[in-house]
Amino acid sequence: MHEGLQVSIVWIRKDFRLSDNLALHHAAKAGIVLPVFIYNDTASLKMGSVSQWWLHHSLKDLHSSLENKLQVYTGNPEEKLFELATKHNIKHVYFNSSYEPEQLAQDKFIQKSLQNAGIVCEIFHSQLLWDPAKIVTGYGTPYKVYTPFYQNGCLHADAPRFPIAKPEKLVCYNNTQNSISIDALGLLENNTWNEKLSTIWTVGEKAAQDRLKSFIAHGLEGYKENRNIPSLDGTSRLSAYLHFGQISVNQVWYAVHKASAKNIPVQDSSCYLSEIGWREFCYNLLFNFPELPHKNFNAKFDAFPWVYNEEFFTAWKQGNTGIPIVDAGMRELAQTGYMHNRVRMIVASFLIKNLGIDWRLGKDWFWECLVDADLANNSANWQWVAGSGADAAPFFRIFNPVLQGEKFDPHGLYTRKYVPELALMPDKYLYKPWMAPANILKQACVSLGKNYPAPIVELDVSRNKALAAYKSL
């Protein structure tokens with residue numbers, strides 16, 4: 001059946017799509033495709049539970065799209081790719097690039113090893129709009145500030161490539177020997193998220209495309225203002241699909257440009273595109289500063305006197321801090337695997353600056369619980385809030401969760417949804433129930449310390465402690 005045709009391995013990682021998949025496109029164009037997924041159980045950085053859930057369903061979706069021809073393995077990717085290529089006499093291996101430090105080093109090693117064995121190994125730039133190795137300052141150094149990175153670096157570079165359609169003809173290698181089932185990976189074993197996430201999220205390439213179309217039709221206009229209102233469906237919610245490559249950033253970029261050219265106000269489309277630019281910036285930082293996930297970008301913060309309080313940390317994780325907007329955000333995360341971006345900043349600021357807990361602990365909890373847990377975004381954004389990162393908000397910018405709630409959820413539509421104990425609390429006291437008179441609390445059926453927690457810290461006192469700690473550096 002395959003005689004005379006080139007057979008190429010396509011190593012699938014975070015590119016669970018047929019359309020605009022450069023590695024798949026080139027392999028399909030050359031002949032027969034052997035699509036392979038290798039679950040690296042030797043990787044030092046383990047996926048969070050929610051990411052494992054999403055990965056399981058991503059594999060199921062792609063396996064179906066490939067007419068059940070996706071080959072699934074576990075183990076060391078270098079060894080498995082070499083074994084497959086040798087066993088089936090395959091001379092071409094294609095895959096799309098990754099910019100996570102461990103994978104970046106691994107990719108270079110794999111490419112060199114395969115080429116030394118006489119196997120052609122091609123890596124395609126497909127995860128980002130711009131190659132971070134090429135977006136540098138006029139001095140040839142990495143950008144450390146977002147605005148010049150985006151305005152001078154990205155927007156003055158060559159335009160991102162246009163997305164390509166899925167292969168017109170895709171013939172997969174008809175040999176499933178030694179491939180294991182997706183279920184055998186055990187991604188859902190003892191995974192408590194499965195039941196609740198399955199009712200909220202639809203995973204896959206079609207779901208990603210549908211979400212993009214819905215956002216452009218109903219969410220892009222007004223985005224600049226609505227993106228900060230957690231009660232609205234005012235954001236694209238494409239982050240998990242982008243992370244797992246069920247849609248390419250190029251597809252999103254040009255779809256938004258196309259909509260902007262028709263009838264979307266430029267302030268809305270430009271604002272959204274700049275958020276994509278921020279994603280590029282996070283990856284630029286990770287690419288150039290691979291210690292970003294665990295080391296302060298600003299070494300000054302190495303001496304910061306963090307205070308770990310297990311009781312406080314547990315209350316934060318469970319959404320029982322007694323600070324309503326913080327609790328709403330943490331409960332949204334626990335129930336949906338997602339949190340509105342404005343609220344992410346609020347809960348992160350509270351953990352770091354009101355509780356004095358190291359940003360790395362918050363980062364790790366988000367890694368465990370988010371559907372869009374992404375090494376570059378998660379690390380850079382936590383450091384941004386902490387004040388220790390590149391182009392970070394200054395440490396003394398401490399979000400006041402009361403004012404944030406009153407400004408961005410003034411009638412409590414979001415907060416009351418996730419903190420139903422406060423459903424009857426009048427707007428005036430919703431974000432500061434500890435200041436409500438006894439008769440108001442009684443009318444709202446709220447008993448602080450009983451059916452809703454009293455604040456675990458005083459906001460003003462904890463704010464002043466944080467500022468004093470910062471001044472001690």
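Cβ coordinates are placed from backbone N, Cα and C, and glycine is handled just like the others.
From the candidate list Tyr223, Tyr254, the residue TrEMBL records in the FAD site shared with Thr235, Ser236, Arg237, Leu238, Ser239, Tyr272, Asp372, Ala373, Asp374 is Tyr223.
Mean model confidence for the domain 'Photolyase/cryptochrome alpha/beta' (6-129) is a pLDDT of 95.
Among the recorded sites listed here, namely Trp306, Trp359, Trp382, Trp382 has its C-alpha nearest to that of Leu238 (FAD binding site). Fewest other C-beta atoms within 10 Å: among the binding-site residues Leu238, Ala373, that description fits Leu238. Binding-site extent for FAD: residues Tyr223, Thr235, Ser236, Arg237, Leu238, Ser239, Tyr272, Asp372, Ala373, Asp374, maximum pairwise Cα distance 23 Å (rounded to the nearest whole number). The recorded positions near Trp306 (site 'Electron transfer via tryptophanyl radical'), taking a 10 angstroms Cα-Cα threshold over the set Tyr223, Tyr272, Trp359, Ala373, Trp382, are Trp359.
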